[in-house]
Each structure stands twice: as C-alpha cells, then as structure tokens.
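Asks: Just dropping this structure here.
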Amino acid sequence: MIEKIWSGESPLWRLLLPLSWLYGLVSGAIRLCYKLKLKRAWRAPVPVVVVGNLTAGGNGKTPVVVWLVEQLQQRGIRVGVVSRGYGGKAESYPLLLSADTTTAQAGDEPVLIYQRTGAPVAVSPVRSDAVKAILAQHPDVQIIVTDDGLQHYRLARDVEIVVIDGVRRFGNGWWLPAGSMRERAGRLKSVDAVIVNGGVPRSGEIPMHLLPGQAVNLRTGTRCDVAQLEHVVAIAGIGHPPRFFATLKMCGVQPEKCVPLADHQSLNHADVSALVSAGQTLVMTEKDAVKCRAFAEENWWYLPVDAQLSGDEPAKLLAQLTSLASGH
C-alpha cells in the first residue's frame, strides 16, 4: 500500500499532505540553519564523502559505498566508513566494528561493508562521534565515507553523492509521509554527483546497474551459478525487495516462492527455516546473509551484487576523491 501511495497510484497520499508540509517545513528549516551558520556543523580533519539519497526505501546505496571504498583502496587510499547503524543497538556508542560485531549491535549495512571491504567501520547516532572513533584507532585514515546521512547536517562534508532508483525515481514527488521524499528533487542541483541505479539516466547523471555474482553457500562458502540451484525460495529484507526478485529472474531463476521482509528485520533460525520445505533451496540477499550466517543450514545461499558504473564520470569522481584524500 505504501508503494502505491508514494507512487501516486493511490489517492490516499492527498490525505497525508498536511503532515508532509510539516515535514518539509521542519527539514528545510534545519538545513537553512546550518547553511546560515545558525547551527555549526563539526568538520573532520580529513575529507568526508556522503553517499545518501533523497528518498526513503532502497536505492542501491550500500553497493555504491562498497564500490567507492574498494575503488579508493585500489588507488592506495586508506578509507574509513561511518554509519548511523539502523537496525542495530549497541551497548554504547560510538561502536567500532570488529570481526565479532553482530548485526544486532551495528545494523546490517555496516557489518556487510566491514566484511566486504575490511575498512574501519564505526556506527553512532552522532556521526561525528563515529568519525572521531575511527581516527583515534586508525590515525592513518585519509578519507571518510558516510553510508547515508545526506540529511545529517551536523557533520560537515566535502563531497555529496546521491543515489537514485532510476525506475521509481521520486514517485509523486512529495515529502514523507505522503511521498517518499526526504528532500525535494531540487536538492540535486547542489550535490557533486548523482548516480542512477537502473532505468534511464538523465543528463549529467551517472548510470549504474547491479551486477550479480555467483551464489555463495552460507555454511561452506562454495560458489556456483545461481541458475543451477533448484526449487528456490527467495527472501529479501532490503528497502525494495522486488528488485532482488527481479535480479534472480534475470539470472534464470524462477523462485517457487518470494518472501519480502522488512528492511533491517531481525532474523532467527526458527523463522527463516520455517520458510523452506524439504527439498527446497533458500536464496537471500547478502544483506540478509550477514544476519543468518551464524545459524545457516546447508541449503542456504546468498547472491552478492556489485555496483557497475558507466561512462567517464566515475573516473573523474574517483580522481577528485583521490586528490582530496592525498592532500591529507
């Protein structure tokens, strides 16, 4: 229902307009206060790159963060990552991730990013505290990438990157809750790069698509072509589950059942195993896998995806960030 409201298919969005006006007024006032320096943002001693979005829901932001970190690492840049840690609750903040950190403590995305990249990752509701924690333990870090946080103006930033779902884009264009917007589309004029996940990019936007890899067994790490798996049950606890199910079908998989889960939903063995009958194979997102690895069965697999950016602009963006980081 919420997707239909946000897309404008359902007329119910009009009933929510008063709340959206209030949301827009408050969020606009907050940004204006920082712009006019009525409130002061904290500036890190190293460059900060924000990878965020204008809308609620999944846009492919985390794969972009992973791509960015890996690309900078390949260029010899030491990168740290900070996040709010949605879906997790640590005993105290800031929390610097380690090999023992769970998704219950740090949230899904930070654990995924840490496991994929090996970069220092810290979470805190106050992102400046997360930055300080990384720099205290890793003083050689040259640049910070923040996963989400475009609207977290308490942390000053040097580069802003926005990721857009190229198919859904901005729906009916209204602020939450009548629409999906955290900020209006005009905010794109002030950011440094716009990356469009799927769909047809517009002038000045960087095209991106998510390239699926081989399926990975959660228990053994064995890899195979996902199309070789039989009697598949697919689950996805991400911002936009239909995207994952569509990816599976694009890979030649016809799931016997698709189960969308809430983003950041906590998972346990009993609930997940109940979704699969004897003889079936469970396939999930990598984000779900970081929550299930500790109690996975032999027939549980995940499908990793990598961001693939096209055109000349990604190289220019990376050159800009490398230059920024090298100056510190």
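Cβ atoms are placed via backbone N, Cα and C, with glycine included.
So Swiss-Prot lists these for the protein:
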type: BINDING; residues: Thr55, Ala56, Gly57, Gly58, Asn59, Gly60, Lys61, Thr62; note: ATP binding site
Asks: Going along the chain, which residues six or more apart from Asn59 (ATP binding site) have their CB under 8 A from its CB?
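Replies: Set apart from Asn59 (ATP binding site) by at least 6 residues yet with Cβ under 8 Å, we have Asn53, Val163, Ile164, Asp165, Asn197, Gly239, His240.
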Asks: For each of the binding-site residues (Gly58, Gly60), count the other CB atoms lying within 10 A of its CB, then report the residue with the highest count.
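Replies: Of the binding-site residues Gly58, Gly60, the highest Cβ count within 10 Å belongs to Gly60.
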Asks: Any same-chain residues 6+ apart from Ala56 (ATP binding site) with CB under 8 Å of its CB? Would you list them in sequence order, or say none?
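Replies: Listed in sequence order: Leu176, Ser180, Arg182, Gly239.
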Asks: If you draw a 10 Å sphere on the Cβ of Thr55 (ATP binding site), how many other Cβ atoms land inside?
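Replies: A count of 23.
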Asks: Taking the recorded ATP site as Thr55, Ala56, Gly57, Gly58, Asn59, Gly60, Lys61, Thr62, identify the other residues of that chain whose CB atom sits within 8 Å of the mean position of the site's CB atoms, giving them in sequence order.
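Replies: The surrounding set, listed in chain order, is Asn53, Val163, Asp165, Gly239, His240.
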Asks: With Cβ-Cβ distance below 8 Å and at least 6 positions apart along the chain, what are the contacts of Thr62 (ATP binding site)? List them in sequence order.
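Replies: Listed in sequence order, they are Glu109, Leu112, Ile113, Asp147, Lys287.
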